[in-house]
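Not my notes, these are from Swiss-Prot:
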type: BINDING; residues: L124, M159; note: substrate binding site
type: BINDING; residues: L124, A125, V126, Q132, Q133, G134, R135, G136, P137, Y168, E169, R170; note: acetyl-CoA binding site
type: DOMAIN; residues: 35-202; note: domain 'N-acetyltransferase'
type: MOD_RES; residues: T31; note: phosphothreonine
type: MOD_RES; residues: S205; note: phosphoserine
type: REGION; residues: 1-28; note: region 'Disordered'
type: SITE; residues: H120; note: site 'Important for the catalytic mechanism'
type: SITE; residues: H122; note: site 'Important for the catalytic mechanism'
Amino acid sequence: MSMQSTHPPKPEAPRLPPGIPESPSCQRRHTLPASEFRCLTPEDAVSAFEIEREAFISVLGVCPLDLDEIRHFLTLCPELSLGWFEEGCLVAFIIGSLWDKERLMQESLTLHRSGGHIAHLHVLAVHRAFRQQGRGPILLWRYLHHLGSQPAVRRAALMCEDALVPFYERFSFHAVGPCAITVGSLTFTELHCSLRDHPFLRRNSGC
């Protein structure tokens with residue numbers, strides 16, 4: 001698949017893992033076409049940055065991606081993003097890029113390696129008005145399902161603060177150790193998730 005596609009594939013709707021309930025809005029998605037999941041485009045960059053800035057600045061003091069970096073990734077690899085829209089407005093999103101090394105490093109924050117097989121999840125953010133509704137887990141599960149439909153992507157990787165490790169472990173991520181990336185005085189744990197062994201693939205195959 002060309003990583004330069006300007007018409008990224010529309011993600012399929014997966015089933016959620018046990019213990020992660022669908023929110024009321026997700027349960028009604030078949031009767032509410034205004035609730036939509038799709039890959040982002042460069043035109044969504046400003047909305048994404050506004051959500052990201054509000055979510056991260058107050059907690060970490062920095063954003064995972066600045067506006068130019070968001071535009072950069074949504075131009076190069078829009079198929080590695082996923083947004084949740086309500087009434088046409090972006091309310092939650094994930095942005096990723098491809099990486100070609102076993103572990104993340106400082107360069108992976110800004111680079112997209114088109115020949116790589118690891119999807120690096122740069123940011124997951126939910127608009128403040130839609131938090132505490134289970135949207136983060138739903139979006140992440142759909143995103144992993146979307147990645148699993150892309151043959152070139154074999155694994156997902158991310159870095160997070162220690163307090164968030166249990167959240168990602170619910171989705172079959174496992175910690176591989178301290179991340180080589182630091183942001184100021186902040187340190188992170190690196191987590192990986194094999195998409196070839198992920199539970200949704202076993203269910204979809206009938207196993």
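Note that Cβ sites are derived from N, Cα and C of the backbone, with glycine treated the same way.
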Out of the binding-site residues V126, Q133, R135, M159, E169, give me the one sitting nearest to H120 (site 'Important for the catalytic mechanism') by CA distance.
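Going through V126, Q133, R135, M159, E169 one by one, the Cα closest to that of H120 (site 'Important for the catalytic mechanism') is M159.
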Among Q133, R135, P137, M159, E169, these being the binding-site residues, pick the one whose CA is nearest to that of H122 (site 'Important for the catalytic mechanism').
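Of the binding-site residues Q133, R135, P137, M159, E169, M159 has its Cα closest to that of H122 (site 'Important for the catalytic mechanism').
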Of all the recorded positions given, H120, H122, R135, which has the fewest Cβ neighbours within 10 Å once its own Cβ is left out?
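R135, out of the recorded positions H120, H122, R135, has the fewest neighbouring Cβ atoms within 10 Å.
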In this structure, which of the binding-site residues L124, V126, M159 has the fewest other Cβ atoms within 10 Å of its Cβ?
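So among L124, V126, M159, the binding-site residues given, the one with the fewest Cβ atoms within 10 Å is V126.
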Rounding to the nearest whole angstrom, report the longest C-alpha distance spanning L124, A125, V126, Q132, Q133, G134, R135, G136, P137, Y168, E169, R170, listed for acetyl-CoA.
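If we measure all Cα pairs in L124, A125, V126, Q132, Q133, G134, R135, G136, P137, Y168, E169, R170, the largest is 19 Å.
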